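Here is what TrEMBL says about this protein:
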type	residues	note
TRANSMEM	50-67	transmembrane segment
TRANSMEM	87-106	transmembrane segment
TRANSMEM	112-132	transmembrane segment
TRANSMEM	139-154	transmembrane segment
TRANSMEM	160-179	transmembrane segment
Amino acid sequence: MNLIELAATVFGFLCVLLTIRRSVWCWPIGLVQVTLFIFVFYDAKLYSDLLLHVVYVFLQFYGWYCWTRDDAIDKTLVVQSLPASRLAIWIAIVAIGTAGWGWAMSRWTDASLPYPDAFTTVASLVAQFLLARRYVQNWAFWIAVDVVAIWVYFTKELNATAVLYIAFLILASIGLAIWKQRLAIQSCPASMRTEGVSA
């Protein structure tokens, strides 16, 4: 573990906490995190993760834009749910993308663990897009990413990063529960929300 990995870990933890709270500040904090991890993954020869975090830099700005322009209920961010048919499409995209990107990494680079690394890359991109669009299901994708990433990072002896992803796994599970609760509240008529607050 080095200072860059440690700093990235701290910023990553803060980013997820802010995301669970639906705070727009998760995006600038996340921007610092993903920039630092670019250097960490270059050193570890995890090239899919490196490229992922380069894309993340742009997605942080996209998410920041989306969250600051969307309307809110009771001054908190509105969340939404994917229809089952669209969720199935995103799952298929992850499966096909993992197979294709994993093959490319194993064929043309000296990447370590090309297929697990490809899965975390493709699934993370999908999860990040769904997060920017405020879909509750983003957390389910993050949970899958975290499970695989924990094994990858312990294997590569990126122990601080692996511990961070254990925390991410716990926080993603909490985030899924909280966002589902928020979705249920939004589905109630305005009068019932007001009565709930008054009670």
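Backbone N, Cα and C atoms are what each Cβ position is placed from, and that goes for glycine too.
Keep in mind that TrEMBL annotations are predicted by a computer and have not been checked by a curator.
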>> I need to check the long-range neighbours of the transmembrane segment (160-179): which residues 6 or more away from its ends have a CB within less than 8 Å of a CB in the stretch?
In response: 1, 5-6, 8-9, 12-13, 16-17, 19-20, 37, 40, 79, 136, 139-140, 142-143, 146-147, 149-150, 153-154
> Residues sitting near the transmembrane segment (87-106): Cβ under 8 Å, six or more positions beyond its termini, same chain?
Replying inline: 47-48, 114-115, 117-119, 121-123, 126, 130, 137, 141
